[in-house]
Amino acid sequence: MLTYDRWETVEKPSFPSDNETKGALDVLAWAYREYGDEIVYACSFGIEGIVLIDLISQVKPDAEIVFLDTGLHFQETYDTIAKVKETYPSLRIIMKQPHLTLEEQAAQFGDELWKRDPNKCCELRKVIPLREVLTGVTAWISGLRREQSPTRRHVEYVNKDDKFRSIKVCPLIHWTWKDVWNYVYKHSLPYNVLHDRGYPSIGCAPCTAPALDPNDLRSGRWAGQGKTECGLHLT
């Protein structure tokens, strides 16, 4: 089995990228054969997440999907999760919450920490909870695409994740924004209505705005903060 500690000694898999799903289904089939229940999908329920959930359901209908429930998400995001649960009732969707409630965080670090120190807020409400989830598994799945931002252009299908000492599987690396939406429309998948309101990338409500640059899908995240990632993905 390919693990973080055996990264240098185990042969890495290769996948075709010229088929209908640009390798995504092949990658997922390999991942669930390789890891079984030792792999989870950390999903934000953005549009890439919806595509991945549909693909995963074809490979492992009872897969474990983890949502980092920071307590700061848009209501539209929670509505999307409810629709996904109705569409894929066999999936095991886990709402992973941080140790601190928003009130406890405010008491300890001050009100609206996301405005003063967004990195600390992301660490408390996303990074630490994900680390706890990944402690019990060998690998995780992510919806990263190379087209999403300059910081993601070199992502591979299978990656050594030094931050979480895990294997990170990214089936959608070759998908374009157009590919994603074509798949959603073709299969009539439920999705977050905020995408129709100018939000190509959706995170916590206080730190997400409509895209500022049409050529940078993540330009609406942490606008004015000099920040482009929540800390889950090394750049």
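The backbone N, Cα and C atoms fix where each Cβ goes, and this holds for glycine too.
Predicted, not measured: the structure shown is a model, and the values here were computed from it.
Residues annotated as active site, nucleophile in Swiss-Prot: CYS230. As annotated by Swiss-Prot, [4Fe-4S] cluster binding site applies to CYS121, CYS122, CYS204, CYS207, with the evidence given as sequence analysis.
Shown here: features listed in Swiss-Prot, placed on the structure.
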residue : record                        : Cβ neighbours (10 Å)
CYS121  : [4Fe-4S] cluster binding site : 24
CYS122  : [4Fe-4S] cluster binding site : 24
CYS204  : [4Fe-4S] cluster binding site : 23
CYS207  : [4Fe-4S] cluster binding site : 20
